[in-house]
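Only one structure is covered here, and it is reproduced in the block below.
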Amino acid sequence: MDNHTTASTFLLWGFSSFPDLQGLLFVMIFFSHVTILAANVCIMVAIKLSHNLHTPMYFFLCGLSFSETCTTMAIIPRMLVDLLSDSKAISLPECATQMFFFFGLGANNCFIMAAMSYDRYTAIHSPLRYKVLMTHKICFHFMMASWMAGFLVSLCIVITVFNLSFCDSNIIEHYFCDISPVVCLACDYTAHHEMMPSAKGKYKAFSTCSSHLTVVCIHYGFAGFVYLRPKDRDSFREDMLMAVTYTVLTPLLNPIVYSLRNKDMQTALRKVLGKTNRFIPQMGNRRTPDIKNVQTVDK
């Protein structure tokens, strides 16, 4: 057996190759992250407070918004810290944890979107039986199955990756612990170990699921390009730049797509924001009690 020094700490090299852009990247990603959080919170609150949105489609949308929020929390805060910090070290357990939550939540997003696809198919194909086929109990089971299956898939990935021995270079050519940049640091890594990919009615039907189709195409399109194409060591920088699309851009676009193309969601958001705007002036217009009147009552 060859003698190797097993690495226990990695360096997330990430955007260190672009030192002049790190300040600009921090500002852009920070405001994108705040927008993602605010938009998803608005969607979840609007769905919770609007009884006409208590339907299977919006139940899944609420779950997707929550899952997308958690996905970005697993990646972006650490990315922002690394953009401002000289120390970009991450321990092996921290790297494994980040990979577990990122791929668990990412797989969960995929399964929730699959459930949303089934919901739209049922609404179009069997409208008379829709309420029977998509009860609250069934939707809840779909949601629980998505979470369990997502983290089960992620657990298998993490166990497989981190059962490898890591040696030599400990520099991860990425801004988070992605599969390929970590696997290539294994002692027995070879390039061939990479996985390779062997009229009105119609308009109404399309408009029913157009928002969902848009999000699915964005989500699967960019992720598929990164994970299903053949790779080599020289492609990691390109993959890192593409990963920004599904870790920052996709979560940012999801609430925008579902809000701008959905009249019910627009109405619910206006109601929620309207209540908030009315509440703030009322808090500011509260008057202190008249001291003279208080004294008169006391007498």
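Cβ atoms here come from the backbone N, Cα and C positions, even for glycine.
Whatever TrEMBL says is automated annotation, not expert-curated.
Here is what TrEMBL says about this protein:
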| type | residues | note |
| --- | --- | --- |
| DOMAIN | 39-179 | domain 'G-protein coupled receptors family 1 profile' |
| TRANSMEM | 23-46 | transmembrane segment |
| TRANSMEM | 58-80 | transmembrane segment |
| TRANSMEM | 100-118 | transmembrane segment |
| TRANSMEM | 139-166 | transmembrane segment |
| TRANSMEM | 172-191 | transmembrane segment |
| TRANSMEM | 203-228 | transmembrane segment |
| TRANSMEM | 240-260 | transmembrane segment |
Item to check | Counts of helix, strand and coil residues, the domain 'G-protein coupled receptors family 1 profile' (39-179), according to DSSP | outcome: 112 helix, 6 strand, 23 coil
Item to check | the domain 'G-protein coupled receptors family 1 profile' (39-179) [mean pLDDT, rounded to integer] | outcome: 90
